[in-house]
């Protein structure tokens, strides 16, 4: 088990475009200079200072997370094998392809080894570039080989520094988004500070460096910043075209670097769909965004050798359905309230039916089953029937796929982020309901317009998008803890925007009959500054203490195992075991695996379930036959799985296997009535007794406090 220990000393034409806006001639700091020349100078000065602050904060964040990583592991001092073991589970698998490309005799041979890979899954040749999102590793390895830096920088440092550098891009993108929404870079400063002080809930890059989300989320943040700018009114055609190009590039890079891209962009497409239906966004721009999403995903599909999971994604089906439905219903945004509501309901139903039909048709012709485990998991998670499906239960029992813990809100409240977020969210939600009702009513009466003026000002298209975006991703985070990083980072942007927004304070002051322009400006600046001072006072000492705390990587059992494998087994040996451990085996030793943690393939999931019978109640003959069918030479058993205590009864791996096999679970507690006792004891326990029925098939060749390695007899 890996631990750390204390270190030893040593263009739009739609109605929404015509909404009143206060952004014309408003300078980034919120002031409207009386003199034109002076105004231009002030504008340039403000943008310059704001830009310098953004870049500085981004770089500081990169240095901060890099220092935390070094202090936690003493990465610069530990051995190469220890560095590689620190890339846990799937992180190690992804990094292994970077290492493979670096060690290849040539770039061409490295690419050939990825396209025709027979070491990731034994007795099977797979295309890594098709199955996994590892183009970033390929690009980085090629860059390392062609740049004259080999003498000065080790490959592992080039890799991790790139990821830490992307954190600078991430923070700058959040900063710019908040600045664009509020009109002042002070908002961006507050967003960045909140991101840093809530690091535990906004990122996990310092201890899961190669994870796909750490590559993808910076590009997603850049895309959101570009969309925020695109949705501003009165953009010049050139500005609009350049922004659309930026959105496309960011969307493409986001899609290329994360296998869950289609699900995240589906939520984004739903946000655009909702706002377009409520006439809160310009339809022309929304159409372009739909097209960009489809185009980026199809380009990734081509690069991934026409990956069927992308072609059969709900995103492509949904976006195509929206565009088709809009062509059929051309007068969707005309008529009175009841007329509009009727059309809207029909439109939603049409889109939904078309999406399901198109998606079912695509999956049928593609024979696609790679993502079925996700839908089984969602069905069970939201109470649409219990399941004994091993794969679905494997996700359901993991804390990362559970509900968002309540203590998350306690930590976010300590920095005032959650309180401000809820306050801004409530105001914006009320404004959105009123504006949506006005848009659907189609009323042009003067009294109504006067009554709604405040809300119209506070809910420009970019703010409306930000509102729905944060609500939808908030729902995702609440239901699945692993996805909280998509929400919490945008929470920093949304809360800081609301606190620094002239429109928000104008609305509040008008409601209490205290509004003056000067008073709104004073509050707009003073409240954020006070908040920043509070955050600095409360959290600066803690950050300093955190940076001074020195620890050291410590996992001697895994190090011993990896060294033994490298020294005592042939390079062609095939290893079976848990997905998480085998990723490390591939990275550290280069041996062939039977299974691995990249779970988005039906055949691999079936293979993993069979391999995991080593922790089930099966006969030694059955287990030996299963393992040898995959060409296994050695099997690694882990005490931490065999005698697992981390999960409660019913969620331990051995319990999931027992239920899937129709066997009664171990220990006190209820069992489903149709489960029966197994005829055999648990394999991982019984094999250690060296009984003849086991030693005939398995010979123990290595053991320590954590691992037991058995060599399989090769019977004819």
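Including glycine, each Cβ sits where the backbone N, Cα and C put it.
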Transmembrane segment according to TrEMBL, located in which of 41-66, 67-92: 41-66
Remote residues contacting the transmembrane segment (416-441) - C-beta distance under 8 A, at least 6 residues beyond either end: 15-16, 194, 198, 278-280, 336-337, 340-341, 344, 409, 448, 452, 454-456, 458-459, 463-464, 467-468, 470-471, 491-492, 494-499, 504, 507-508, 531, 534-535
For the transmembrane segment (312-329), sequence-distant contacts whose Cβ falls under 8 Å of one of its Cβ atoms, 6 or more beyond its ends: 262-263, 265-266, 269-270, 273, 283, 287, 290-291, 293-294, 297-298, 343, 346-347, 350-352, 354-356, 358-359, 362-363, 366, 368, 371
Annotated stretches the transmembrane segment (487-509) and the transmembrane segment (242-258) touching (3 or more Cβ pairs under 8 Å): no
Stretch-level contact, the transmembrane segment (179-197) and the transmembrane segment (521-540), CB cutoff 8 A, at least 3 pairs: yes
Segment-segment contact (the transmembrane segment (462-481); the transmembrane segment (41-66)) at 3 or more Cβ pairs under 8 Å: no
